[in-house]
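Heads up: the structure comes next, in structure tokens.
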Amino acid sequence: MTSRRWDVPSPRVVVPVVVAVVQALLVLGPALGGGVAVTHDMAWSPDPRWTPFVLGLDTPAPRAVPSDAVVVLLGKVVGASLAQHLVLLTILVGLALGTCALLDELLPRVGVAGLVAAAVAAVWNPFVSERLAVGQWAVVLGLAALPWGMRAALRVVRHGTSPYAVAPALVCAAVGGGNSLLLVGGTVLAVLVSGAVVVRSRRVLAAAGAAVVMCLGLAAAWALPALTASPVADTAGVRAFAPVADGPLGVVVSLLGGGGFWNTGAHPEPRAQVLIALTSALLATAGVAAAVVVGWRGRGRPGVLLAVPVVVCWALLLLSLGGPAEGVWEAVVTRLPGGGLLRDSQKLLAVWVVLAATGLGVLTDRAVRLVPAGLVGPVLGLLVGLPLVLSPQLVWGIGGRLDAVTVPDDYRAGLSEVSTLPPGDVGLLPWSQYRRYAWNDSRVSLTLAPRMVDRVVLFDDSLPLRSGTVAGESPRAAAVSERIRDGVAPVQALAVEGVRYVAAELGGAQDVDTQALRASGRVVVDRPSLLVVDTGSTTGPGVPEATEPSGAVLVGWGVTLLTALLLVARRAAPEIARKLPTGLLRSRP
Amino acid sequence: MTPALAAIGSVITGAVLALFTIIGGVSAISPDANAPAKSEAVVIYDAP
């Protein structure tokens, strides 16, 4: 008889894992209740459906690809609510543990105190707060995959591991779409290229080439349609998406502290305090310096390799702040193919945030080893507790921003009925993509309809901001908007575009002329929260392109899925080959 | 390090943390976060 002996896990493993899980529960809190959390960009459908929007079939720049399709797949397996809980928890836990793993790579004998400090600082910072507050879970996913990608790239350079070591981080980042893949892919590439120079290795250079190929393959699902459609970027968006100060000490200090998100509505209140803004900037700067310095020497000079992406990210950030280089930045964002990905430049700060947390772990580890025994407790409390008190708004759902709600059955049933109607595009009113659903405590959010109706849904994809409106990318939507501005009624403006059904979401903050809508055709769905009218219109200039997936979409999806499958198989194959013979020998006939 | 010094260190650390918590925590409380303005005709994405 064979017995399996389980080793007692080391406190270096157990404590960070416990801290990572507990703090993720503390941050998400109310978002983990029954229902789904719906806020700003996180329009999480309670009914997982592969709609044309989810698959990127009806939009020139499919930003929700492939993230929405992946969560729909997960939602079909475990349900939408549990899928959201799992995704958000995994992101925050993965972010904390990834930072610990990166710290362990930089400082192999780091103690529990350092690991805990790094795990806490990775999550409790303005970057996570500001992005989660507007529901940009895909960007936080990129942040979470980043330390794993950095660690894997360092190991390729320093220990000669396989070029495919970076694949898991790239695949995870690719799930989040363009923004997250840019963060991880760009950083991995910077580390590998600089590593090839530092260690003068063609093997590492080849690994960098392999990483480029992996990124291109994983990006194809959204990149190919976007590049072939060439959507025109509004130059107003360049200024609107530039980093701004989230505290009294200016934009650079805000960025140094991990904040500076362009959306002022997401800025944490505590950062208005000089003490908090200054302390978080100093703490993060000290952390990054510590991470770079501790790795400055040693095999492969990891400090140098990690400093390279930091310098690149800051160069781009400073360029995006305007001033004399404003024209250059505008040209990069609006004219360079794929430059639009850089428009919201503050996200590039992710590498700074990860290194700051890693470095705080270094500082904590050094501090508890150097101070007298009697001061270990207070010093540890200070260094671990500081990130918490600098971003207290994160606790329990970011001041009410993240809270699971029940989407009314009436609304869900109405949108399901629309999916079963005879073929035809759906135009969405009110003519704006943002809502303040009464059942969602009037939080700002994207409309759920394009993610819930299995039809091409035409909606106004422009972005209304306090500073003005940033134009969208859909030519059909732009044509409708222009007609409405010229005084044409929304229903007629939509009908010209060949929209057969006009669906009005009711009960929100915005009014819809339901009387005119009812008079415009045959009412096919009539519910308190949804009114849908069949206008009978089936012809229009945008219909042929919009209702069928283009070749670029099909090829893009095919390339991305194939790349992901090959990478997973490539990573899994050695493990299976190693374990399978052992398993066969152990198994009894 | 004497126990007295350790105790003083702990008290100072605790006081600093409490100060941060009070300043940050109190200002973080927003009873009506992200609430619609009375004049809002179109939902503004970056509404406070």
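Count begins at 1; order follows the chain as displayed.
Just so it is clear, glycine is given a Cβ too, placed from its N, Cα and C backbone atoms.
TrEMBL labels come from automatic prediction, so no person has curated them.
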Fill in the blank from the handout: The residue range that TrEMBL labels transmembrane segment, out of A:13-33, A:370-390, is A:370-390
Practice task
Please work out whether the transmembrane segment (A:370-390) lies in contact with the transmembrane segment (A:274-296), by counting C-beta pairs under 8 angstroms that are 6 or more apart in sequence and asking whether there are at least 3.
Solution key: yes
Completion exercise
Given A:82-103, A:134-154, A:166-199, A:274-296, A:345-363, the one sharing the most C-beta pairs under 8 Å with the transmembrane segment (A:205-228) is A:166-199
Exercise for the section: Grab the same-chain neighbours of the transmembrane segment (A:134-154) for me: Cβ-Cβ under 8 Å, and only residues 6 or more beyond its ends, written as numbers and ranges. Expected result: 37-43, 67, 87-88, 90-92, 94-95, 98-99, 101-102, 105-106, 122, 127-128, 161, 165-166, 168-170, 172-173, 175-177, 179-185, 187-188, 191-192, 195, 211, 263, 265-266, 300, 302, 305-306, 309, 347, 350-351, 353-354, 358, 445
Exercise for the section: Given the cut-off of 8 Å on Cβ pairs that are 6 or more apart in sequence, determine whether the transmembrane segment (A:303-325) and the transmembrane segment (A:82-103) share at least 3 such pairs. Expected result: no
Problem - Close approaches to the transmembrane segment (A:82-103) from elsewhere in its chain (Cβ under 8 angstroms; 6 or more beyond its ends) - result: 16-17, 19-21, 23-25, 27-28, 31-32, 36-37, 44, 48, 71, 74-75, 110, 114-115, 118-123, 128, 137, 140-141, 143-148, 150-151, 154, 172, 354, 357-358, 361-362, 404
